[in-house]
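**Q** If you look up Swiss-Prot, you'll see 7-14, 20-21, 59, 86-89, 97, 113-114, 182-183 marked as substrate binding site, on the strength of sequence analysis. The active site, tele-phosphohistidine intermediate annotation in Swiss-Prot covers 8. The feature active site, proton donor/acceptor is assigned by Swiss-Prot to 86. The annotation site 'Transition state stabilizer' is assigned in Swiss-Prot to 181 on the grounds of sequence analysis.
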């Protein structure tokens, strides 16, 4: 059994080195090209999908669409879920990473970005960019919508969707594509690879590169590689 992850192509805020999180930004020109190249590469290597899962953020949805279009599979059903959203960066969202490091120190920013269980400063629910004011999440209970997350909380958000939707799809024989975000994919990788809380800090998933997992019947990783 195989599972393919792809982190969205470079976004406009990736290019500007800004914290993005749940803020909805578009792909950059480079990001569009990365997604198209990924789709072509998947086609060249014979990858076909029966179902695709993505987030409710534009950069991941667009990447998913482009990948499927460039691999002649735009007909493949897509399921969009907030549970695959990027980690919510709280008050850091929209801030320049370099300027934030100058203000708080490199080590503090590194911990905010990479630590498994350290939360960023939480965003006020009344902030104009709060997810509580976004109709994408209007169906969710207020106490479920995050104001800031670490990777641990992100995994707790993503895991129910893995167990309820993604894993059963794989086990039923479906060929699955997950087009999501750096941290939601890191959370899933931590779970399926059994990565420790410490080692996950060093895992980086590049934009726009298909990551293939070969899995056994228990969804244990036999092999992983980038195309």
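FYI, residue positions are counted from 1 along the chain as it appears here.
Backbone N, Cα and C atoms are what each Cβ position is placed from, and that goes for glycine too.
Keep in mind it's a predicted model, so treat the numbers as computed, not measured.
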**Q** List the same-chain residues at least 6 positions away in sequence whose Cβ sits under 8 Å from the Cβ of residue 7 (substrate binding site), in sequence order, or say none.
**A** 180, 181, 182, 185, 205, 206, 207, 208, 209
**Q** Below 8 Å Cβ to Cβ and six or more residues apart, same chain only. Which residues does that give for residue 97 (substrate binding site)?
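**A** Residue 97 (substrate binding site) has long-range Cβ partners 17, 18, 19, 109, 113.
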**Q** What count of other C-beta atoms do you get within 10 angstroms of the C-beta of residue 181 (site 'Transition state stabilizer'), across all chains shown?
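**A** The answer is 27.
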**Q** Return the residues near residue 10 (substrate binding site), defined as same-chain residues 6+ apart in sequence whose C-beta is under 8 angstroms from its C-beta, sorted by sequence, else 'none'.
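**A** Looking at Cβ-Cβ distances below 8 Å from residue 10 (substrate binding site), excluding near sequence neighbours, one finds 27, 28, 30, 31, 34, 207, 208.
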**Q** Between residue 87 (substrate binding site) and the residue listed as 'active site, tele-phosphohistidine intermediate', what is the CA-CA distance rounded to a whole number of Å?
**A** 14
**Q** Tell me the Cα distance separating residue 86 (active site, proton donor/acceptor) from residue 13 (substrate binding site), rounded to the nearest angstrom.
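**A** Between the alpha carbons of residue 13 (substrate binding site) and residue 86 (active site, proton donor/acceptor) there are 13 Å.
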**Q** DSSP three-state call for residue 13 (substrate binding site): helix, strand or coil?
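**A** It is helical.
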